[in-house]
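Everything below concerns the one structure shown next.
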Amino acid sequence: MPSDANEMQARLLQLFEHSTLSTKAKFGLRVIRDPKLAGIGILGRGKIFSCFHEDHLEEASRLAEVLVGAETFDEFIDLCHQCRDFVNEALFVYSLSVAILHRPDCHGISLPPIQEIFPDKFVPVETIYKAFKEATRHADKTDDIIVDMEATGTIMDPEYNLAYYREDIGINAHHWHWHVVYPSAWDSVKMHMRKDRKGELFFYMHQQMCARYDCERLSNGLARMIPFHNFHEPLEGYNPHLSSTQNGLPYAFRPEPMTLCDMHDVSVQDLERWRERILDAINLGEVTDPNGDEYALDETFGIDVLGAIIESSRDSKNRESYGSLHNWGHVLMANIVDPDGKYQTNPGVMDDTATSLRDPIFYRWHRFIDDMFQEFKRKLKPYTKDQLSFTGVEIKNVKVHAHEENVITTTFVEDLLEISNAFNFGRTGAVKVRYQHLDHEPFVYDIEVENHSARLRHGTCRIFLAPVHDELQNQLTPEELRRLMIELDRFRVELKPGVNHNHRHSRDSSVTISKQPKFDELLKGKGTNNANEYCSCGWPDHLLVPKGNDRGMPFHLCVMITDYLYDLVGDYGYDTPCVDAVSYCGAKDSLYPDRRAMGFPFDRPIPEGHASNLHQPNVSFSQIKIQHH
């Protein structure tokens, strides 16, 4: 990292500050724009930018390519200054973020939290309005102001019981950041960088979101979600209570019951046709490109090929035939209220990666998408005992050390979000929103493993969690459990001959990240190192485990140790920088550091009679409880 890392960080942060306000006074006005910016600025300022929308994404990708292609850091900054005030506000932030993450001279630079750049995507409009009222009322302009987050619903709606999860700032920021790290329009040729197993990561990260959501539903006494399956059925209602500061209009409220309608760019029939073509390809075991060449959907690369097609990304083998099912589905649902733009309303939250997780239909839609991936997985043979075993390694005992052994406690805690970096309140004091989020007590896994061989061995420890019972308190079958297994951690262990005690703290999870540096902390130099830029993509640590219930909800804890020498990809090691959230986000500029399928061993179906294959010496199933206070 160059010695002036803090200065570079500060120059970039200026571009994000007050992103919806003009910066001509700050950066100056260029009369003549750089020719590289020709054709950029089509999406007007004030419009809602969506990286699910084909045209929006195309423009954002062109801008990102220009910014990444700048030869020097100064040229990069100059291009940013030129386009900052004529490019759509959210599109600019998205493209700038993609560029920062992928420019070699920006390695070590941290992105500011998206929730501080666009708090209007995370904070109810009633709360923001209250903050402005308080800022006006306080005579002392140097005082900090704190307002409480307003509720977005009532208990009359059963889904409101899950608002704490769907509207959690951390997971919505994670979703936005994941799609910045893995843009669907990423062009490997132009960017000179291939995103390893990007299609499979798209499948796995969203599959885990669905599994986690169902675990939360069961924690709250609700039934598991019903997957979306019929393009003509009415959708449940949802009111996000968000309003865009880019144009002052609210994100569209979806009343009940409404059904999907055709838009100018895409029709409901298009989505149905793409679904059937993708399912046909899965059943045939191959996809066809525009030239008629066939690509087998095999057990090694098939899921990656399928992920690129379903999303769809630039890596899709045939976008003309298989379309863009996932992306256009988001757009159609977001525009259900005003599909032809007759009333000039904003789309709903499904249009935006920073807001879509708030809507219950997001999870039903992604369970539908995941069901298509599972159709492919059902074509693969179940794992054999040989594929699941690690000869000579035996897990003797697993404990979870917390305040009470094998009981993890969750609770709601308070946190603050500063919003004065986005809005001009006319004061020097900070303006913050106080809100609550779910959190868990710290805990430590104690895994006793015996290495029966006479030599040192290395293993990959994989830890998963799934509820014991369904919504009717029936025990879940192995196949049902498989779809609900959430990954808690994956790490390397060293196994000396004899008995080994391996301890792993929950904060070190390969799934999660701890808190990102805040905007003001970044200005002071915190976070400028090589271990940050991809790491901020991970799942929030405070939602590592589900909520549980007040009685202590029982969960299966599965611990599996596999052969690290087989799992290892190339010369990659877990000591490489920036792998704290490798499970969902991969590793920076590297191959995905695990040869196994993502979600292994629960990625493939477990037919009746095959569950015993998992009962190996190197696999442990135990029960723990998660208790909510």
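A Cβ is built for glycine as well, from the same backbone N, Cα and C atoms used for every other residue.
Fair warning: this is a prediction, and the values are worked out from it, not measured in the lab.
Swiss-Prot annotations:
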| type | residues | note |
| --- | --- | --- |
| BINDING | H175, H179, H206 | Cu cation 1 binding site |
| BINDING | H326, H330, H366 | Cu cation 2 binding site |
| CARBOHYD | N451 | N-linked glycosylation site |
| DISULFID | C537-C585 | disulfide bond |
| CARBOHYD | N618 | N-linked glycosylation site |
* **Sorted by sequence, non-H326, H330, H366 residues with Cβ within 8 Å of centre, Cu cation 2** => F52, H206, N327, G329, S356, F362, W365, I369
* Structure fact -> CA pair N451 (N-linked glycosylation site) / H330 (Cu cation 2 binding site), Å rounded to integer, equals 49
* 10 Å Cα neighbourhood of H175 (Cu cation 1 binding site): matching recorded positions from H326, H330, H366, C537, C585 -> C537
* Structure fact -> Check: min Cα-Cα distance from N618 (N-linked glycosylation site) over binding-site residues H179, H206, H366 goes to H206
* Asked: When the Cα-Cα distance from C537 (disulfide bond) is computed for each of the binding-site residues H179, H206, H326, H330, H366, which gives the smallest value?
  -> H179
* To do: For the recorded Cu cation 1 site formed by H175, H179, H206, name the remaining residues of the chain with Cβ within 8 Å of the site's Cβ center, in chain order.
  => H174, W176, W178, F202, M205, M209, T353, S356, L357
* Asked: Sequence gap of 6 or more, C-beta under 8 Å: which same-chain residues meet both conditions with respect to H326 (Cu cation 2 binding site)?
  -> F52, I310, E311, S312, I369
* **Whole-number Å value for how far C585 (disulfide bond) lies from H179 (Cu cation 1 binding site) (Cα to Cα)** => 10
* Structure fact -> As a whole number of Å, the Cα atom of C585 (disulfide bond) is distant from the Cα atom of H206 (Cu cation 1 binding site) by 12
